[in-house]
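Each remark here refers to the structure printed beneath this line.
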Amino acid sequence: MTLTKGRVVLPTADARELDARLAGSEYREIIELAGQGTVMTNVAYVAQEAWLRNATIRDNILFGERFDVERYEEALRMCALKPDLRILIAGDQTEIGERGITLSGGQKQRVALARAVYSSRRILLIDDCLSAVDAHTAKHILHACLAGSSPLMQGRTRVLVTHHVAMCLPHSSYIAVMNDGRVALSGSPQELRAKGGVLSEILSLDRSADTQKGEGEDEEEARPENEADVPGVDADAAQASVDDPKSEDAYNAERRAARARQLELDPTADLSDGLLVDDEEREQGYVRPEVWLQYMRMCGGWRFWSVVAGFVVLTRFGGIAQSYWVRIWMSDSNDPATSAHGIVFWLGIYSLLEMLSTALFMVAWLVELGGSIRAARLYHERLFERVVNAVPRFFDKTPIGRVISRFSRDMRTIDESIIGLIVSLGMQIVQVASVFVIISSVVPPFIVIALAMTCAYAMVAVYYLNATRELKRLDSISMSPLLSLFSELITGVESIRAFGAQSQYTKEAMNRVNVHNRPYYLMWGANRWLCTRIEFSGCIVSFSTTVLIILSLDSIDAGLAGFVLMYAMSFSGYMLWFIRNYSECEISMNSVERVNQYLVLDQEAPAQVEPHSRPPTDWPRTGNVDVRNLTIEYVPDTPVLHAISFSVAHGEKIGVVGRTGAGKSTLSLAFLRFIEAAQGSIVIDGVDIAHVGLEDLRRNVTIIPQDPVLFNGTIRFNLDPFDEHPDQLLWDALKRTYLVQQEQDTHSEESTQSRKSSVNSGSNNSSAVALSTVDEDAPPALGRMGGVFTSLDAEIKENGKNLSLGQRQLVALARALVRRSRLVVMDEATASVDFDTDARIQRTIRGLELVDSTLFCIAHRLRTIIDYDRVLVLENGQIVEFDTPRNLLQTKDSHFRSMCEKTGELGHLLNIAQASASKTSCRLTQSPEPESQLESQPQQSE
């Protein structure tokens, strides 16, 4: 392919093709094994999985570039972000958290797109940015941004990887159809139209097929898309026009003024300023005694420390005994004529004392090691348990660097350092006390000097400890931002390289390293300050002791004088290490303080309840769901769901739809008790889930999220982590999700003809037809790009990095098929797969694997849920409609019909809904069919 300046380029493929690999290779993130590609370095990249910084929305869009208010406002308008900013507490100054946790998938994708649009890059490489947004928002982005004539987009080449083929084809200058890792067809629309075939039929579709409006749509403004249910959302604000002329700075000024007025009326009001991440908590002053006592209990209590104290005293007496023996030996050697013993005797006794002292030291070290291991294990187990069971809100507000810092650096300090420092401190105390006792017993006037020096040492120690203690705390909390930045760099390295922001992040990393090193540097400066003063004080002690010995020569022999003077000269060293050890102990106990902060985290409900209260082992047996007056609150007195009630029968398939802040995601989270009900209940098969342990609940309810989580391990481990199912069942699940080739092509000619007819109705499903024209007989398999799935022992990398997002969603679906839960919740689970694969997946969902399962499906694509049994329409946290799709579409003023009109597919969706209703009524009147017939029926009906 050769892509020239100023064109809209449309590479397209199905979910079984790794579209992102094409995008990645454009700026050399993929190694080229053969051939070559040349591209300008002036590229802005929008990944399929939007990568955002842990910063404000404005900072993410600017991405280090100079702020230009007109360019910024235009980028917001083109990406339909202005209405979303109206519903956020701080507008574009709202902090989005790590991985954009406070935004929906569609909002994250549009912020990433706005970043590329705002940049000065001339080539925009956009990987499937339309899948995460609803059809109405997708059309606005297409017409205002991707194919728009705004001055901001003039002269810029736009390469768009997408599944929305019918929508984008009329606006494309160059088209490339990918199949089996190759460019199957490419060229301008005119060139491909001349080649004929089914693809020509798609290209000849009039623009009206894509811009068809429903009733009253011309008067409707684009509305924001948001799957995240924002507490306190103003529904009227959510309908603000995307062309709002007022700037974000003006809105921010109004918000600040409103907060100031509110604080004047109520000074105690807790008003959010849009910041999600709070400053890390830091203790102040001395380490509290209870922290010391807690650590000592963890090591083994008073028995353990009594043994340690005994060994410390014995070890110190062993050292004194050696020194005193040398003094006796020297006194005896002064008069060899009267000496009764030879050198062998004196040296033998000295060696015996040395070996005894060494043995005591080794035993003491083993005892200390046992206590240290015991304490570290207990702290780690408690820390791990509290973090794993913390409420989800904790992970939203806490950068990952803070958690890593406690599990790495702080736990290493507890494991390796603290007990050794405490024992050394005890030995230093004994040494200092023994020096005072020895010198004072030989020269009693030294007591006066000792008292004066004690006061001086205490003053020096207080200054030193106050400084180093806080410096260590600053050192600890400055590590977390550095670790968070490294995590951010790893996950966003592709976007950073694509935007050429390496130097920006290098500078940021160096700044954070400098911030982290400053306390450490100052701690060593404080050590030099202490050493200078202790050495000076030690000189005073040595000089004073020497003078006192000279004045007492009449009563002191030479050996005793040397013995005392030796300890006097070493006194400054003992004092220096005593103060340092005490300081190091307090500094190290800061790690215990930091771990203790996480030992009091708010916890989820218990994993298991009392045995007599647990549900039956086969619960749930049918999957009947009864929601009764359910109210959910993120913030007290600010409900997101308002006393909703509905019932779902066994095996029903329910579509859940709604606009911004409707409560869709909140409802899905409530089924797994990620958010506890403020009022009301959810009853599954007669059991209130509030009385079920989380382990029993989450083991029996399956959720398929929009951003699936895959672990670094084999395919088998990701499908069946507890090794509960045979391999054949795992292979069947992969086949049913079209990740591996079926034994035979079940894609019938009837299905092909129905897809072709959908082209003539203006359906976006024409993308599926475009792909099928490349190889009409190709089986529904992954082809060459699916080599990962050749074996259950094949490796899936961390977070599924060796798979496309669509493939990861299919793996999550396969995992659900393996579990075969009676209740399944799908949250945009097929948003990143092409329409043909989505249709196949819907056939699988209606197949034997999930025929007895109750299913809730949250979807942007209304065609995904149009043939479900019923549709639940939420608005402002309340149920506004709950009926069959056909009944809702036949009601002129229904909310669901209005949503379908805005997609431009009302007629097509109504036909599908009526056909589905007819099949359902026929199925209810017929007797049960054999299993083989039931298995093929969903595919034929499609």
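Glycine is no exception: its Cβ is also placed from the backbone N, Cα and C atoms.
Heads up, TrEMBL stuff is auto-annotated, nobody curated it.
What you see is a predicted model, and the numbers here were worked out from it, not measured in a lab.
Of the given residue ranges 534-553, 854-873, TrEMBL assigns the label transmembrane segment to 534-553. The feature transmembrane segment, as given by TrEMBL for the ranges 40-61, 304-325, sits at 304-325.
Sequence-distant contacts of the transmembrane segment (304-325) (same chain, six or more residues past either end, CB-CB distance under 8 Å): 296, 346, 349-350, 353-354, 356-357, 360-361, 363-364, 367-368, 371, 423, 426-427, 430-431, 434, 438, 563, 566-567.
Within its own chain, the transmembrane segment (418-439) has Cβ neighbours under 8 Å at 295, 299, 308-309, 312-313, 315-316, 320, 364, 368, 371-372, 375, 446, 450, 545, 563-564, 567-568, 570-571, 574-575, 577-578, 581-582, 584-585, 588-589, 591-592, counting only residues six or more beyond its boundaries. The list of residues near the transmembrane segment (559-579) in space but at least 6 beyond its ends in sequence, with Cβ under 8 angstroms from a Cβ of it, reads 323-324, 327-328, 330-331, 334, 424-425, 428-429, 431-432, 434-435, 438-439, 442-443, 457, 460-461, 464-465, 530-531, 534-535, 537-539, 541-542, 545-546, 549, 553. If you take every residue in the domain 'ABC transporter' (625-901) and average the pLDDT, you get 78.
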